[in-house]
Amino acid sequence: MSAKNRDRPPVESVGRFLLWQASRQPKTLVGGVVFGVIWMLCQAVWPYLLGRAIDEGIDGGQVAVLAWCLALLLVACVQAASGMMRHRMAVSNWLRSSLGVSRVIGHHSADTGNAITATTASGEIVATVSSDALRLGEMFDVTARLSGGIIAYLVVSVIMLTTSVPLGLVVLIGVPVLGALLGLVIKPLHKRQAGWRKQTGLLTTLGADTVAGLRVLRGIGGEDEFVERYAARSQKVRKAGVRVARMQSWLDGLQVVLPGAFLAFIVWFGAHLVLSGAISAGELVAFYGYAVFLTIPLRTGVEAAQAFARGIVAGQRILAVLRIERATSDPDEPAPPPPAGSELVDVASGLTVRPGLFTGVVDVDPDTAAAVATRLGRFDDTLHEDAPVLWGGVEHTRLPVSEVRRRIVVSGANPQIFGGPLLESLDILPLRDPDLRSTQTGQIRRVRTALDAAAATETVDALPEGLSETVAERGRSFSGGQRQRLSLARALITDAEVLVLIEPTSAVDSHTEALISERLRRARAGRTTVIVTESPLLLDHMDDIEVMRRGSVIGRGTHGELMRRDDDVGDLYRSVVARTTSAAEPVDAGELDEAWTGSIDALWTDAVETGAIRTAKPRRERGDDDASADR
């Protein structure tokens with residue numbers, strides 16, 4: 001079995017998943033069980049040693065008492081040392097399992113990408129990491145004490161039965177009965193805890209979705225609506241928590257009352273046996289000690305039952321996340337990669353991306369155009385069963401995923417800026433190529449070049465620490481336009497063979513968009529670049545523009561050609577880009593400039609005549625007017 005397969009957890013059942021996690025931490029688990037057994041046995045022999053000390057003290061004098069007291073001291077020292085080690089092992093087991101499972105979920109979420117967010121709410125994933133992983137860790141935490149309690153219970157059972165069969169049977173039967181009575185409360189408690197966990201997950205999802213769209217929420221004035229929804233959901237969580245607390249309080253109370261009543265019965269029954277001469281006074285003390293001790297394994301068993309009930313539910317939720325498969329996978333027999341400069345063709349839409357050119361994609365529905373462009377990057381193999389993408393004549397689903405990722409980069413319409421140092425967030429070349437060797441000076445120069453091409457230099461220079469600035473989560477300290485330019489710079493740094501940009505300038509002003517259009521063309525000169533946009537400033541720099549209607553290519557050409565076409569293709573293109581269906585006139589470039597100038601002059605004249613714009617009069621005319629006024 002390869003190392004990769006060993007690191008992949010089984011997801012068939014919770015039991016197999018727990019065994020897999022246990023195999024990753026065998027030393028701490030075995031150590032916890034060993035020290036847990038020693039620690040619990042030391043407590044179990046205390047009543048026996050104390051009873052012998054009483055009986056020997058009555059019959060043998062001070063020497064015998066001293067010997068048994070030294071034995072008690074030795075057991076106490078061993079108990080203290082083993083208890084310390086047991087606790088260390090238990091905490092280690094909890095941390096290793098909780099953090100280990102959290103890492104597995106995190107890596108799986110990153111590895112599956114859009115596939116996991118398409119089926120599972122982000123808040124549910126967060127709750128799985130922050131809550132369910134901890135619940136699973138509690139199962140490994142309690143194993144040391146549970147193992148020790150079981151062994152100690154068996155040892156005490158043998159001792160009591162060999163001393164007094166009637167009293168031994170009372171204790172041995174009574175303790176499991178107490179556990180069964182407490183178990184009647186555990187089941188409804190478990191049900192209420194599951195309901196509370198569900199409500200908590202829904203509340204987390206609502207909060208996560210709101211934070212993600214906070215700017216939009218404020219823009220439309222939806223704060224009050226959110227507060228009402230969050231308050232209502234929060235009240236449901238509170239009520240579910242109160243129901244859990246009510247049942248938990250019953251369990252906690254019964255854990256005190258039932259063992260207390262049982263101990264009182266043991267003392268009463270044992271006193272009758274002493275008076276009848278069946279057992280000695282020392283044996284009665286020992287039996288009382290055994291009964292008191294057995295409440296420890298009893299409470300441990302109840303705690304373990306609760307931990308395992310919560311852990312199994314948590315494990316089922318964790319497996320529900322881990323069962324989500326990646327949307328892409330390597331073929332069993334991968335095809336040889338196409339040579340550099342190969343043509344990309346989306347068969348379903350008819351989109352053809354010729355190598356080394358700037359290709360624009362325009363559709364009446366921008367989401368449809370974005371979906372077609374995204375298919376070029378191969379993010380979901382199921383989409384290509386009916387809509388294959390040919391790369392150099394080969395379906396790119398037949399290639400290794402790493403090969404496609406290395407050579408084709410897609411930057412979406414809403415890219416994320418990750419938290420942490422800005423320089424590391426932008427320069428992802430070391431992640432794409434672990435063998436890359438670069439000095440810090442070279443790294444800064446590389447990032448600065450990309451920032452200049454994306455017109456984002458001023459954004460970085462305005463930061464107190466520049467490229468060393470620590471970015472807030474999701475880059476929320478930046479505006480939408482700033483995040484868009486920074487993500488564009490990050491995409492340019494990849495220096496990908498094929499770069500697909502979806503609405504890269506939709507959140508910037510026209511002046512910045514004009515700068516980006518010119519600089520982007522220079523930065524990607526001679527390399528294949530696909531841009532989904534409706535901006536005429538960007539489209540004017542395209543070598544080829546693919547015009548689509550509902551995801552199917554109906555025509556192509558340059559920006560100027562499409563603006564002058566007097567057919568359905570031209571009408572559709574102008575309706576998207578220029579918000580008009582009239583063909584542009586005149587056709588000559590020089591005349592086109594004059595037409596633009598004449599249009600501006602006409603607008604200016606109309607504005608002056610209507611008084612919308614007031615112009616300053618020449619100095620001589622103002623003097624004449626002033627003189628007339630004086631006269």
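Positions of Cβ are set from backbone N, Cα and C atoms, glycine also.
Note that TrEMBL annotation is computational and uncurated.
Under the heading compositional bias 'Basic and acidic residues', TrEMBL lists 621-631.
Feature annotation from TrEMBL assigns domain 'ABC transmembrane type-1' to 30-310.
As annotated by TrEMBL, domain 'ABC transporter' applies to 322-575.
What TrEMBL records for 612-631 is region 'Disordered'.
The transmembrane segment annotation in TrEMBL covers 29-49 (among others).
Under the heading transmembrane segment, TrEMBL lists 61-81 (among others).
Counting same-chain residues at least six beyond the ends of the transmembrane segment (142-161), those with a Cβ under 8 angstroms from any Cβ of the stretch are 29, 32-33, 35-41, 43-44, 48, 86, 89-90, 93, 167-169, 171-172, 175, 287, 290, 293-294, 296-297, 300-301, 303-304, 307. Per TrEMBL, the feature transmembrane segment maps to 142-161 (among others).
As annotated by TrEMBL, transmembrane segment applies to 167-189 (among others).
Annotation source TrEMBL lists transmembrane segment at 256-279 (among others). Beyond its flanks by at least six residues, the transmembrane segment (256-279) meets 163-164, 166-167, 170-171, 174-175, 178, 181-182, 287-288, 291-292, 295, 298 of its own chain at Cβ-Cβ distances under 8 Å.
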What residues in the same chain, six or more past the boundaries of the transmembrane segment (61-81), come closer than 8 Å to it by Cβ-Cβ distance?
38-39, 42-43, 45-46, 49-50, 52-53
Could you tell me the mean pLDDT the prediction assigns to the domain 'ABC transporter' (322-575)?
91
